[in-house]
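The block underneath contains the structure these notes are about, expressed in structure tokens.
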């Protein structure tokens, strides 16, 4: 039988007396990046104020957005936009409301929460922003489209992977990434009591749909993920299994997690 730490209302970090080490994290907390951790689409932030040719001004309809951004970044490089300028643009994207407070809570309970980030943005921008926000060390893994500098110092972008999911863009299925990660951690004898998913977009609905009744989806209120969950619940009651906790400020996510920690083992 597991016992709770007396007097603090938090779950015990050790099982029994005299155990050699701490228990694995109890919860897996998955974050999206654009319009979830940050309050904007990071791609929009990078091109804001820059003159683009007409074919690059609008996102493609029905085409590959990842390939579109490959062309945008290549054009910016050709125009002399240096990596330092791009890095500064990513670093200056504002965090979503309450996200700093949520990170503060998570930094105090890193032994209980394992954090990963799954985003259709790019590794260069995400790493830059997380480091600027002092939050990079909170995340065990960042899964995003690979971005690196070529010999000319131009930022190049590629697809994350290929998959067979019909709901998701060709370069990334977040459900596949999440499933593979959970399987990898299970092989390492790490089993999570709950998976908690914080997102906003349509591509977050796919992985959220794989969550179980023990898990929690945190869709940003009024954004595509939230609307798709609501539509699913109306059309097929019970098909979406996870508990749903919409949020406008990440402080609401933090409050939920605090309540989760107060519960007895």
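Cβ coordinates are placed from backbone N, Cα and C, and glycine is handled just like the others.
TrEMBL has this to say about the protein:
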{"type": "BINDING", "residues": "32, 34, 200", "note": "Mg(2+) binding site"}
{"type": "ACT_SITE", "residues": "32", "note": "active site, nucleophile"}
{"type": "ACT_SITE", "residues": "34", "note": "active site, proton donor"}
{"type": "BINDING", "residues": "43, 120", "note": "substrate binding site"}
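When the alpha carbons of residue 200 (Mg(2+) binding site) and residue 43 (substrate binding site) are compared, the span between them is 16 angstrom. The separation of residue 34 (Mg(2+) binding site) from residue 43 (substrate binding site), Cα to Cα, is 9 Å. When each of the binding-site residues 32, 34, 43, 120, 200 is scored by how many other Cβ atoms sit within 10 Å of its Cβ, 43 comes out lowest. Cα-Cα distance from residue 120 (substrate binding site) to residue 34 (Mg(2+) binding site): 8 Å (rounded to the nearest whole number). Apart from 32, 34, 200, the residues listed for Mg(2+), the same chain places the Cβ atoms of 33, 35, 36, 37, 119, 199, 201, 204, 220, 223 within 8 Å of the centroid of those Cβ atoms.
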